[in-house]
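Going by Swiss-Prot, these are the annotated features:
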type    : residues                                                                                                 : note
BINDING : Glu41, Ser42, Gly43, Lys44, Ser45, Thr46, Asp154, Leu179, Thr185, Gly207, Asn272, Lys273, Asp275, Ala328 : GTP binding site
BINDING : Ser45, Thr185                                                                                            : Mg(2+) binding site
DOMAIN  : 30-356                                                                                                   : domain 'G-alpha'
MOD_RES : Ser113                                                                                                   : phosphoserine
REGION  : 177-185                                                                                                  : region 'G2 motif'
REGION  : 200-209                                                                                                  : region 'G3 motif'
REGION  : 268-275                                                                                                  : region 'G4 motif'
Amino acid sequence: MGICASSMEGEKTNTDINLSIEKERKKKHNEVKLLLLGAGESGKSTISKQMKIIHQSGYSNEERKEFKPIITRNILDNMRVLLDGMGRLGMTIDPSNSDAAVMIKELTSLQASIVTDCWGELNEDQGKKIKALWTDPGVKQAMRRANEFSTLPDSAPYFFDSIDRMTSPVYIPTDQDILHTRVMTRGVHETNFEIGKIKFRLVDVGGQRSERKKWLSCFDDVTAVVFCVALSEYDLLLYEDNSTNRMLESLRVFSDVCNSWFVNTPIILFLNKSDLFREKIKHVDLSETFPEYKGGRDYERASNYIKERFWQINKTEQKAIYSHITCATDTNNIRVVFEAVKDIIFTQCVMKAGLYS
């Protein structure tokens with residue numbers, strides 16, 4: 001009896017294990033894992049925020065309030081960068097704005113944790129001083145020449161232009177405010193949502209060089225890679241070393257992703273920050289980064305040239321690179337683009353295994 005009972009228990013255990021394996025297999029069949037990769041400042045985290053807005057319930061009032069200290073840091077840090085840049089370029093501010101400049105330097109000299117706790121909200125008086133600085137001719141000139149002295153976030157003008165609203169006592173961050181915030185991504189962050197009966201896992205990993213060693217831990221069971229490139233940063237240098245061109249770094253990283261790490265995985269290329277690129281190309285020729293480029297300061301020619309540079313990297317003939325021009329802060333644009341991405345992924349899955357019949 002003891003032997004029979006033991007045998008039956010063993011069979012039950014095996015059955016439970018098999019059922020568990022089958023359940024997990026079916027779960028994975030109904031799950032799409034998108035790995036969001038790209039160099040730093042390419043807009044990956046903004047894409048993740050858009051998925052929460054579009055495919056989840058968006059941000060609650062409490063969640064919006066949590067962004068206020070981040071917005072404060074962005075405003076203060078960005079203005080400090082401009083003031084320091086003025087010093088490097090030998091510029092001066094209007095004497096009437098001296099107190100405002102001192103205020104910025106004092107606040108940003110505090111440790112980040114103290115500033116976040118004590119200055120989670122800027123008051124109206126501080127807002128007026130920041131607004132005065134933003135309209136200062138010297139600060140405006142430094143803004144135009146920012147690429148000469150720093151990697152100033154491209155969202156800086158957005159926050160300065162909105163300073164009155166953001167320092168109101170009743171201020172609650174909007175979707176656009178949240179989308180424009182900049183916090184360096186560290187570690188791995190997941191955004192989960194459903195479209196129909198299919199579960200999506202969007203995995204965002206930090207893009208700075210120090211964060212890329214964490215990418216390997218996310219490579220299992222990837223359905224497709226979404227690779228983000230900032231079109232507008234073709235003339236800027238990396239935050240990490242201030243000597244490597246950002247576009248050339250993106251090309252190098254894309255080569256590793258396409259030809260080494262994900263040879264058999266669909267890759268969707270987001271050529272991001274198209275709005276900023278459209279304006280910049282009018283003033284900064286793409287040939288400064290790519291001397292062989294002869295298309296002049298034409299948006300369509302320049303964006304197509306960059307797209308083709310990435311396409312040419314692919315060494316696997318049977319693998320297509322799907323590309324989209326994107327503006328990560330434009331919710332309507334990302335909604336339309338992601339519909340196309342969804343169709344690409346579903347088609348690939350059907351062709352490969354008939355999972356979503």
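Just so you know, glycine gets a Cβ as well, placed from its N, Cα and C.
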Would you please pick out, from the binding-site residues Glu41, Asp275, the one with the fewest other Cβ atoms within 10 Å of its Cβ?
Asp275
Which one, from the binding-site residues Ser45, Thr185, Asn272, has the smallest tally of other C-beta atoms lying within 10 Å of its C-beta?
Thr185
Going by DSSP, give the three-state secondary structure for Ser45 (GTP binding site).
helix
Tally of helix, strand and coil residues over the region 'G4 motif' (268-275) according to DSSP?
2 helix, 5 strand, 1 coil
For a quick check of packing: other C-beta atoms within 10 Å of the C-beta of Asp154 (GTP binding site), how many?
21
Around Gly43 (GTP binding site), how many other CB atoms lie within 10 A of its CB?
26
Residues of the region 'G2 motif' (177-185) by DSSP state, where helix covers H, G and I:
4 helix, 0 strand, 5 coil
